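This report refers to the structure that appears directly beneath it.
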Amino acid sequence: MDNRPIGLLDSGVGGLTVARELLRQLPNEEIVYIGDTRRAPYGPRSREQIIAFTWDMVNFLLSKNVKMIVMACNTATAMTLEIVKEELDIPVIGVILPGASSAIQKTKTNKIGVIATQASIRSDEYHKTIARKSSAIEVLSLACPKFVSIVESNEMESEIAKRVVSESLAPLVGKIDTLILGCTHYPLLRSLIQETMGKEVRLIDSGAEAVRDISVLLNYFEINAHERKEYQHCFYTTAGVNSFREIAEKWLNIGHLHIEHAEIENFNKEK
């Protein structure tokens, strides 16, 4: 048993979708979350920038004595997961493999769509992961760069959001039966995405799927937390504390969250 917290990292608020599912499925666990909102979105960034920024967040979480790191960010997972895993002696998990595996199980027509940031689509990690498991599946990938900005600005229910989602997803409508939400920001737009794609299309939340793998790793390494009466979940953001708080408290349905501003660039010294 291990009562140290689980660390989650993301380029902003998107990883809160993973945090919500983690708190629901694993209620005994404490979390420390870092969102690099100041440098979001990561999608247009170069591979070198994404690696450097991810190490900033990883080292920040290590300073909080976490027992596991969850890359609650598809872009970071695509670009840095294997690099970070090789360097650390604690478990590190990403969100791409769990999402891809679930989509393979759910599709009935062998036509899967993937929507993600530009960097994730460029990496082709979802396509490669699915191809390794099943050569019969056709994967249609689509970058939706505007979605992250909508979520980070807390405009998920606006008319602009409806129009952007509808226009962005038009190339996939009628062509797939399963759609991977390949960015942890995207579940915050789930209702609009479902409305656009049609109720017959199954939406796969890659972050939520990852929590099942987190549970397996906790058991395997015997680092589950004891049941406890008090929890101190800590959330950090590199910019926009008030906006982050508004989104986090609404999405997690938890009031009075412990949210602080964090400077993380100095945590990159050794990498």
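Cβ from N, Cα, C; glycine included.
A coil conformation is recorded for G43 (substrate binding site) in the three-state DSSP classification, outside any helix or strand. Sequence-distant neighbours of G43 (substrate binding site) (same chain, 6+ residues apart, CB-CB distance under 8 A): T75, A116, T117, Q118, A119, S120, A143, P145, V148, C183. The substrate binding site annotation in Swiss-Prot covers D10, S11, Y42, G43, N74, T75, T184, H185 and rests on sequence analysis.
When secondary structure is read from DSSP and collapsed to three states, C73 (active site, proton donor/acceptor) falls in the coil class. According to Swiss-Prot, the active site, proton donor/acceptor annotation covers C73 (among others).
Following the DSSP three-state reduction, the secondary structure of C183 (active site, proton donor/acceptor) is coil. The active site, proton donor/acceptor annotation in Swiss-Prot covers C183 (among others).
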Exercise. Would you mind reading off the Cα separation of C73 (active site, proton donor/acceptor) from H185 (substrate binding site), to the nearest angstrom?
Key: 8
